Every structure is written in C-alpha cells, then in structure tokens.
C-alpha cells in the first residue's frame, strides 16, 4: 500500500510556501531531528492538484511555484498542457496514479497538493462510472455552446440536473457539456452517478487541511491579486491573447484570466484594469469559500489553523509520524 499525503488549502492560504518550508531538502536535517528518521527518507515530491497550474504560459495568474521552489522541491503536473487543451479530473487521476508509486519507489512521499477539490476528491474515492462520451453528442453541445453560449446550456441543465448545475460556473463549459452528454446518453443526471463511499484501498491516505480565519484569507487574496498585477499579470494575459488564445480556451476560463475578456471575447484595454482587479478579487473570494465548504464534506481530515504557531508545530510532527511508514 502506497502512503499518500493530501495537502489541501483554499486559494491564497499559503500552501506552496508552507510545503516548501516543510518538505524541501534544506530542511531535511530538521525532519531527521524532529521525527527520528533519516534525511534521505525525509524528502517528498509534490503532485500539483491545481487545474490552472497545469497550463503553460500562465505562471503569474496561476500562482505557480517560483523557479527556486521548483529547484528545491520536485513538482509534477506543472505547466504540462497548452491553454487550448482540456485537463479533466480523469486525466489528473490517471497521471497521479502513475506518479505516486514511482515517487514511493524512490523512497519519497507522494504529496498531492492543491485546491482543486474535484481533482482531489476523485483521486481519493475514484472516478464515478459514467457513460462513455459519444463524439456526436459532444459535438452537438459544443456547437450549441459556441452559437448560443454556455449560459443557455447551464440554464437548461438546472432543469434536468439542478445538483450539478448548482456547483458549475457559466465559464465551466467543459463540465456543462459533459453533464448534458451524460443525461443525453443515459437519461440520468450526472449527479446520480455517485462517487464510491470509501477511499481507494490501494493507498494509505493522510489528509490535512490548512485553514485561516475568513477575514485573514480574504486579506491575503486582496494582497495576492495586487502582487500579481504588479508582477505583470496583464502582460501575461496579453501575450496569451497574441498567441491566439481567447476566453474560450480551457486554460483562460480560469479565475484570474477570464476577467480580462469582454463579452465579445476581446481583451479589455488597460484602462479597465481596476475593474478587472476588483472582479478577480471578488471571484477568488467566492471560490475560496466554495473550497472551504467542499472540504468540510471529507471525513477524517486533520485540520490545522496555521495562524497559530503551535498548530504548525503539530502539523510538522504529524507529517513526520506519517513519514515513518516509508521505512517499513
């Protein structure tokens, strides 16, 4: 059985910096001292469970790890897809299932880290068995989305599968179409195809969630968005637009990118950046709230309120204890 650490936190909660502090090679001696384990086994590799960091050319808006963080701690599934390509939960589970045993064979701990709840939940429980995609049905709904807009399809979805429609955003065209596909093929709503009740038995999971007070999390979101603009987020989006990517590209439907485009899919002018920034902050806060709500539905989660130094110490010790499984 392969031990896997799931490291979850809402956007802007500080996952990347905390993971770098805990798992990087430069801190391995501290791990050895704290947990009574060798420096060699006190190393991990990160599997990014972030649906935006998977895309190339989107470093700033996705808050991807810095060059120094990537050099110090191995990361996987970062910048592996073009913004025009889809990357689904099934794709993530397939890739993570290959990576976890490989990392474990190297004597390291696989750490799934991110905030894309859909990725993590499907990896934890396994994918629900849904009807195979029918290319003709998919093409039909893709054509309708292009001609009528995904908003029309989402409104229709509310009538046949309100549970799925409730958790989808109008920009999530891929999943809106998939929900229609499933209903058209089976006559059943996608929400009726439930995940298995228990976590997959091929892994031994340690699930942790880093948490902050809502007010401080929102403050961090405000500061991070400001920092992204200062770092050159507009130029990053402009370059993507010049490369031929638009708000219809899967990668650019993400929060932090879609707000830069008007209703005609044109890039907004620099004079609108104040409004764009406000939209990104608002949408990111709403997303963070949904992330927190979602993760409360997962049982057996170890929660750490990292504004308290004692909680960070407890987190550190708990991870060290889980690391010992590598030596068995």
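Glycine is treated like the rest: Cβ placed from N, Cα and C.
The annotation ATP binding site is assigned in Swiss-Prot to 9, 10, 11, 12, 13, 14, 15, 16 on the grounds of sequence analysis. Here Swiss-Prot flags 11, 12, 13, 14, 15, 16 as substrate binding site, drawing on sequence analysis. The feature region 'Interaction with substrate tRNA' is assigned by Swiss-Prot to 50-53. Per Swiss-Prot, site 'Interaction with substrate tRNA' is recorded for 116, 138.
The recorded positions considered are 15, 138; of these, 138 has the fewest other C-beta atoms within 10 angstroms of its C-beta. Neighbour list (residue 11 (ATP binding site), Cβ cut-off 8 Å, at least 6 residues apart, same chain): 63, 115, 221, 284, 287, 288, 291. Cβ environment of residue 9 (ATP binding site): 15, 115, 209, 210, 211 lie under 8 Å away, each six or more residues apart in the same chain.
Cα of residue 10 (ATP binding site) to Cα of residue 116 (site 'Interaction with substrate tRNA'): a span of 9 Å. Taking the binding-site residues 10, 12 in turn, the residue surrounded by the fewest other Cβ atoms inside 10 Å of its Cβ turns out to be 12. Here the candidates are the recorded positions 12, 13, 14, 116, and by Cα distance the one nearest residue 138 (site 'Interaction with substrate tRNA') turns out to be 116. In this structure, the CA atom of residue 12 (ATP binding site) is 13 Å away from the CA atom of residue 116 (site 'Interaction with substrate tRNA').
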